[in-house]
Each structure stands twice: as C-alpha cells, then as structure tokens.
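What follows is a short report on a single structure.
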Amino acid sequence: MTTLAWFAGRSMVLDLAALTSAFTVGYLLKSTSTPTSTPTSTDKAGTPPGSTIHHYGYPQGSVTKPNNSKTEKENGSPKDSKGNVPDCPYKYLVGLYGHHHFAGFVEALQPTLKDEDPEKYTLVLDIMDAVHLCLILVDDICDDSPKRKNQTTAHLLFGSCETANRAYLVLTKVINRAMRTRPVLGAELVRALELILEGQDLSLVWRRDGLAAFDAEEGGDKVSVYKKMAQLKTGTLFVLLGRLLNDGGAQLDDVLLRLGWYSQLQNDCKNIYSGEYANNKGAIAEDLRNGEMSFPVVVALGDQTTSSQIRKAFGSHSDGDIFDALDALQSSCIKNKCSQALQEAGRGLENLLAIWGRREHMDSLGS
C-alpha cells in the first residue's frame, strides 16, 4: 500500500472534541487490571454476548505521587535542577527520554532550520515530544507496565487518572499552539493523531477480542494485516516529522514510513529476544502476556510447528501456556524469520537508525 493511498481522503482539520473522544475511547476503556466488564452485545468475532473481557490497565490499590523522600531518590527517578522528582507525569517522562528527543532527525533532514526559522524548529520538536511521549504515557497505563527505561512508570507514581489527563492536556495545548501559529503544521498534527489512534484502536480491539478478531481481518496475508496496523500506529509518528519539516509536503513519507516499520519490528523483537529490554521494561514478553499482537507472534501463528502453542496462550492467558508460547517464539525457525525481516527492513536506513539509537542487545537474534 502506498503512502498516498493511506492518507487519501483524510480531512485536514478534525474537530478537537472528536479528537479527544477518539483518544479517550482508543486507550482508556482498559479501565482495570483485575475486574472484568460484561458487554451487552457485540459484532466482533470471539466476543459473544454476555461474555466477560479481561481489561488490562489501571492497577488496583493506592498509588502515591512522587515525593522527596530518601526512598524515592534511591530509586533513581529523574530529578530537576533542585534534586526533586518533577511534579508532573509528562515532565517526568521528558526526564527519561530527554527534551527534544527528535532533534537529531531534524538536524539531519533539515540542518539549517534551527538558524533559518528557530520558531518553527522549536514548534516541530515540541510537537514530536508531545505526540511521542503522551502516547507512551497512556500506552503504559494500558499495558500496566511497571517500568519505562528501567524507571518506575509515570502512572505508578502519579496515578493513572492524572497521567492520562496530563497527556490529553499536553496534546491539546500543542494542537492549539500549532493551529494558532502555524495552521498547516496544526492540520498535519491532527491528521497524524487520527491515524495513530486508528492504528492503536485496531491493536486494542485485537487484544480485547483475541485471535478470532485478528483472523477475521481482511487484506491479504496476516503479516500484511499486521504491517498495516503498525504503519498507522508507529509509521505515522515518523511520517509526521517529515510533514512538519516540509510544511505538509510528502517528500519524506516513504523513507520515514519505512523507518517507522523498522522501529515497530525492532520493538516487537526486543520484547521477546532482549534480556536488557525486559529488564528496562520490568517484564519478559509483555506483549505476549497482555495478549497483544506483535510481529514474532504473527510469524509464529503462520508456522505449523508453533501456531498451536501461540493460540493456546492467547486463549487461556495461563502462565504455563505463556511460557510454552515463549519457547515457541524463541525457536530457531521463528527467530531466523524475525531476524531476516529486521535486516531487510533496515536496509538503506543506516544513517537514520544510528540517530534513533535503541541499541538494546538481542541475544537470541545475535544483534
């Protein structure tokens, strides 16, 4: 599918209330990690009326906001200039990733922008920080992730409600700022958010309704179906950067879409094959445990020697079945296919990948 086909027919301006609603529905229906909710009806495969759905997300029990106690400081959480943990989930995450996380890309793609148009340079980087980090804030809530970059996740420090609301607030402010000062960039931002949330919503539906929903998807082989979702959810983030730099121009769409696909593949593989990544996230095979589709899972579903283990794990979510599925994912056949796909996806992107980093070692893939 071409990039132009993806974006065809997308409105340049989306009502802000609709955007906020989409953001909320796409993420926060995952309301608890322990209780279940019962739908009244459904037209989705694999979720018959009256059945219960296990929702991953908000942790049970009390959470405390960060303080300046000795215990908090010993945890190594990001501090401000006075040695205090930031009293804001977004600033806390900025402390983990660094301010203007995409600056290296901007300097490589438009090296003169900072001097020629410093206002645009700052706005572009602020937009990219807001989209990237706010999506991470809410994604960690959905996955009930205990760690991010080997630090306690924001929602476990500040609470899920405050963390999610702060993400909406930061995004709303940057949308209004862009629409007011650079309307073309504002329109690109809104369009990108719609596409990203469309991809994330599809991923969450698959997680909610299980493999029956994924199997029911049309559009060719299952790798292609998964890739389409990943290009919406992750590829659009990188495409947005090119659109912002080129005032809506599509000159960089193809290469940045490829970079986004590589990033998704790399993240999926690290989730299964990197002990370092598991330590930084505080969980092994988090995607598999959450019943979430990933590239290794899709590959294993298409292999007769591993399909049954994956399907059993997605059906039961039991620890024993999950460990059996993890063994299947780490078999040489599946590892080799994932390694080959990762190498092919990265061809010609070496310079951009060097800027992106993400160098956690993957023992099982020999990288």
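Cβ atoms here come from the backbone N, Cα and C positions, even for glycine.
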Where does Swiss-Prot put N-linked glycosylation site, among ASN75, ASN150?
ASN150
Here the 10 Å Cβ neighbour count for ASP139 (Mg(2+) 2 binding site) comes out at 17
CB within-chain contacts under 8 A for LYS233 (substrate binding site), separation at least 6
ILE196, GLY199, GLN200, LEU202, SER203, GLN264
Other CB atoms within 10 A, centred on ASP143 (Mg(2+) 2 binding site):
21
Just how many other Cβ atoms lie inside 10 Å of the Cβ on GLN264 (substrate binding site)?
23
